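For reference, the structure discussed in these notes is given below.
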Amino acid sequence: MTKCLNVLIFCILLCLIFQIDVQAESVDSNDVSIQPDSLLDEIDVSELESYWSDVRSDYSKFIPNVDRLTVRDLITNQGQLTFIDWVIAIIQLLGQEIFLNGQLLGQLILIAIISALLKNIQSSFQSNTVTVVANFVLMMILTTIAVSSFTVISELIIDTISKMHNFIIAILPLILGLMAMLGGVFSASFFHPLIISFLYFIVVLVDKVVLVLIFLSLVLHLVSQMNQTFQLTKLADLLRKISLGLLFMSLTIFLTILSAKGTITAVQDGLGIKTAKFVTNNFIPVVGRMLSEATDTIFATTQVIKNGLGLFGLITILLVVCLPIIKVAVIGGFYKFAAAILQPIGDDQVVKSISIISDHVFYLLAILVVVSFMFLMIIVVLLIASNLTLMIR
């Protein structure tokens with residue numbers, strides 16, 4: 001009786017093991033057939049499509065192939081922008097901005113020529129009052145042009161930063177979700193609150209502090225040029241250094257914490273996954289190794305989608321910021337070019353004022369470039385952290 005019972009129990013266990021083995025092989029075969037396209041169908045990219053649609057509308061006349069590219073094409077690497085496309089787009093954008101802002105160069109040259117004529121005929125007047133008043137009027141006109149340019153550039157910078165901010169907010173949950181699927185639970189829980197908080201902080205810092213201090217620095221420099229006896233150049237330089245110092249210090253602290261702590265959490269996730277894989281392979285009989293291999297297949301597919309999503313994010317941010325950077329660079333270049341060619345013939349006061357304006361425009365350009373670099377680094381650090389987790393695994 002006991003032998004029969006043992007044989008019966010052995011047969012039942014054998015059937016259960018065979019059934020589990022068959023099911024595991026079935027699941028494994030299904031998992032192996034998982035393709036990036038099928039996994040991408042389960043991800044909601046509708047919000048990313050709206051951002052990409054705006055980018056395509058901005059660059060449709062500069063990059064012919066961009067109209068045919070979709071978010072899915074960029075993520076799955078079925079279509080990409082070539083180096084030639086980027087070069088052609090930059091050249092066309094540069095030509096367009098030079099043509100649109102040519103009027104600015106003409107205004108600056110006209111002001112400098114008038115100031116030079118007033119300086120040459122100053123001896124014809126019995127009093128210097130007329131010349132002083134005329135120069136003051138010219139400086140007021142130049143200041144008005146500078147304030148107008150600064151306002152346009154500031155609004156452009158804020159709009160560009162807001163676009164990048166909103167795009168990162170849209171793509172961040174997708175990247176972190178895929179990172180969590182790859183086992184980066186600690187990394188996802190660390191990155192999300194840090195990035196969200198700092199993005200809001202940097203937008204407020206640039207809008208309410210940095211740009212305001214740069215504008216005050218420009219105004220104080222121009223006021224000092226109008227009245228040589230009342231100088232505020234030291235205060236203007238102090239405001240400029242404070243604004244740029246706050247921005248660079250904030251970005252340095254953020255990127256240091258993001259990269260250092262992100263590396264630590266990525267290592268923790270990698271060790272955790274490696275431990276779980278070891279336990280699965282060695283302590284779960286029959287199906288443990290099959291389950292581990294199926295998990296590797298899913299991880300590989302998820303990794304492809306995550307890297308493609310990160311590449312799409314980098315391309316989108318570069319396209320969002322490319323046009324504003326070229327526009328600001330052209331405006332600053334016109335001011336710098338006008339100051340250079342007018343120095344031999346123009347009034348020193350006007351020429352120096354134009355040079356001061358060009359310097360502050362390039363400060364604004366530096367702010368835009370640095371903040372854009374920060375947004376790019378966020379995506380790069382996220383990709384490196386998740387890839388580091390898989391390397392350790």
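Using N, Cα and C of the backbone, Cβ positions are placed for all residues, glycine too.
Marked as signal peptide by TrEMBL: 1-24.
The transmembrane segment annotation in TrEMBL covers 98-118 (among others).
Taking Cβ pairs closer than 8 Å, the transmembrane segment (130-153) reaches residues 104, 107-108, 111, 114-115, 118-119, 122, 215, 218-219, 222, 225-226, 327-328, 331, 335, 347, 349-350, 353-354, 357, 360-361, 364 in its own chain, all 6 or more past its ends. Annotated transmembrane segment per TrEMBL: 130-153 (among others), in sequence order.
If you look up TrEMBL, you'll see 165-186 (among others) marked as transmembrane segment.
The transmembrane segment feature in TrEMBL is assigned to 198-222 (among others).
Counting only same-chain residues 6+ beyond the ends of the transmembrane segment (242-260), those with a CB under 8 A from a CB of the stretch are 191, 194-195, 198, 201-202, 205-206, 209-214, 217, 363, 366-367, 370-371, 374, 377-378, 381. Residues or ranges marked as transmembrane segment in TrEMBL: 242-260 (among others).
For 309-335 (among others), the entry in TrEMBL reads transmembrane segment.
Annotation source TrEMBL lists transmembrane segment at 361-385 (among others).
Sequence-remote contacts of a segment are chain residues at least 6 beyond its ends whose Cβ falls under 8 Å from one of its Cβ atoms, and for the transmembrane segment (98-118) they are 131, 134-135, 138, 141-142, 145, 149, 327, 330-331, 334-335, 337-338, 341-342, 345-347, 349-351, 354. Proximity of the transmembrane segment (309-335) to the transmembrane segment (361-385) is established through 3 or more Cβ-Cβ distances under 8 Å for residue pairs spaced 6 or more apart.
Sequence-remote contacts of a segment are chain residues at least 6 beyond its ends whose Cβ falls under 8 Å from one of its Cβ atoms, and for the transmembrane segment (198-222) they are 139, 142-143, 146-147, 150, 154, 157-158, 161-162, 165, 168-169, 232-233, 235-237, 239-240, 242-244, 246-247, 250-251, 254, 353, 356-357, 360, 363-364, 367, 371, 374.
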